[in-house]
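Trainee: Here it is, the structure in full.
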């Protein structure tokens, strides 16, 4: 299964990001500042990645897969039903069809194997690497974010960043471990997309200031 400190920390950071988001929506009774398009893309990521859920033997993997899918479904429910009036589609205008096309093209052209599960898995990896773009685009349009929204994005970005040392650790300690090129390249891409956000988070939010993009 390849469990190590970096992998577990990454998964916990991922789970924390979801709980922070749900806490923000339920506590404030608002989904303002949250990109509905990004949330739908993440749901698509989980569904296409975890098609093997019925055959998952590891309790650790099974629990996390169920948590990710169910919590994302709940988030979508809150944004479309309970707190729909607080959702602002006028700000959430990123053209997600380009992201879907990007992920689909790479999944079809460069899968690990040409099987249904592997192609969908590759699609989910590439899509996840860019799924945050609608949220970052929305952040760019508003110019600022609530502290709790910034914490959510930080935890979400940290999750994938922690997978980089996880891959390095596994490569160095597991003799038969093969480098997963798709996951590594997509993970690095995803981390790079977060780089500006990480810097502003460190220089602003970590010092108790409001998250605000430079003019």
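Backbone N, Cα and C atoms are what each Cβ position is placed from, and that goes for glycine too.
Those TrEMBL annotations? Automatic predictions, nothing curated.
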Trainee: Out of 96-114, 115-133, let me know the one TrEMBL marks transmembrane segment.
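Mentor: Checked against TrEMBL: transmembrane segment maps to 96-114.
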Trainee: For the transmembrane segment (96-114), what are the same-chain contacts with Cβ under 8 Å, counting residues 6+ beyond its ends?
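Mentor: Sequence-distant neighbours of the transmembrane segment (96-114): 37, 40-41, 120-124, 126-127, 130-131, 133-134, 180, 182.
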